[in-house]
Amino acid sequence: MYPVDLHMHTVASTHAYSTLHDYIAEAKRKGIKLFAITDHGPDMADAPHYWHFVNMRIWPRLVDGVGILRGIESNIKNIEGEIDCSGPMLTSLDLIIAGFHEPVFPPQDRDTHTQAMIAAMASGKVHMISHPGNPKFPVDIPAIAEAAARYQVALEINNSSFVSSRMGSEDNCRAIAAAVRDAGGWVALGSDSHTAFTLGEFTECRKILDAVDFPEERILNVSPRRLLNFLESRGMPAIPEFADL
């Protein structure tokens, strides 16, 4: 089990079913030391208003020894790589994830998806790309892995993609993991929980990584300090409350 989970949704995304308190309780039960709440960006139909993201600043950083990161799963909106996270949202959040979602960016062709994803990474706003192995959004996998390594953006292996969403992602995700390994980039694991019961669930992710002998030293979830060092290298101010995580 890894002590860090980087992708989950609360009732603020109304197709999810758990609260911040639910996730804290489950993290304590499972030994998760650090997690990120990453509700959908405002361009999704059932997403929270942008005030929700700006107001995350009122959250405590640490509850009963569990660290809480303030995040978003933003939407890649167009071929220029624009995302629905800007202005005060960017400065209020610790973790900016970006990905394709059909209601915002209808599937097109491999070249268009690749160009949009690389543009989002090149913008400097994004720390992590969500579910890049989605078969509905094929991409040039070596090209995105090389770009991710160049721009220091993690590519996600998403456990939900093998269980309840984006079925048929396995082959793409194995290829992505191998390409990231070869490019010297970072992988991030996300449960993509829409209920707290699956917090920290990475069983299927682990199978993908094992299949390509992915190196542990390039997985951000191995420890809170590794993830925090990565975010700080990307410009996030050090968070004093997390010093002992």
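Each Cβ is built from the backbone N, Cα and C atoms, and glycine gets one as well.
Per Swiss-Prot, the features are as follows:
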- His7, His9, Glu73, Asp192: Zn(2+) 1 binding site (BINDING)
- His15, His40, His194: Zn(2+) 2 binding site (BINDING)
- Glu73, His101, His131: Zn(2+) 3 binding site (BINDING)
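Overlay of Swiss-Prot annotations on the structure.
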residue	record	Cβ neighbours (10 Å)
His7	Zn(2+) 1 binding site	26
His9	Zn(2+) 1 binding site	22
His15	Zn(2+) 2 binding site	12
His40	Zn(2+) 2 binding site	26
Glu73	Zn(2+) 1 binding site	30
His101	Zn(2+) 3 binding site	22
His131	Zn(2+) 3 binding site	26
Asp192	Zn(2+) 1 binding site	26
His194	Zn(2+) 2 binding site	19
Take the C-alpha atoms of His131 (Zn(2+) 3 binding site) and Asp192 (Zn(2+) 1 binding site) and report the distance between them in angstrom, rounded.
9
If you measure from the Cα of His40 (Zn(2+) 2 binding site), which of the binding-site residues His7, His9, Glu73, His101, Asp192 is the nearest?
Glu73
Cα distance, His9 (Zn(2+) 1 binding site) to His194 (Zn(2+) 2 binding site), nearest Å?
5
Just to verify a number: CA distance, His9 (Zn(2+) 1 binding site) to His101 (Zn(2+) 3 binding site), in angstrom, no decimals.
15
Give the distance between the Cα atoms of Asp192 (Zn(2+) 1 binding site) and His15 (Zn(2+) 2 binding site), rounded to the nearest whole Å.
12
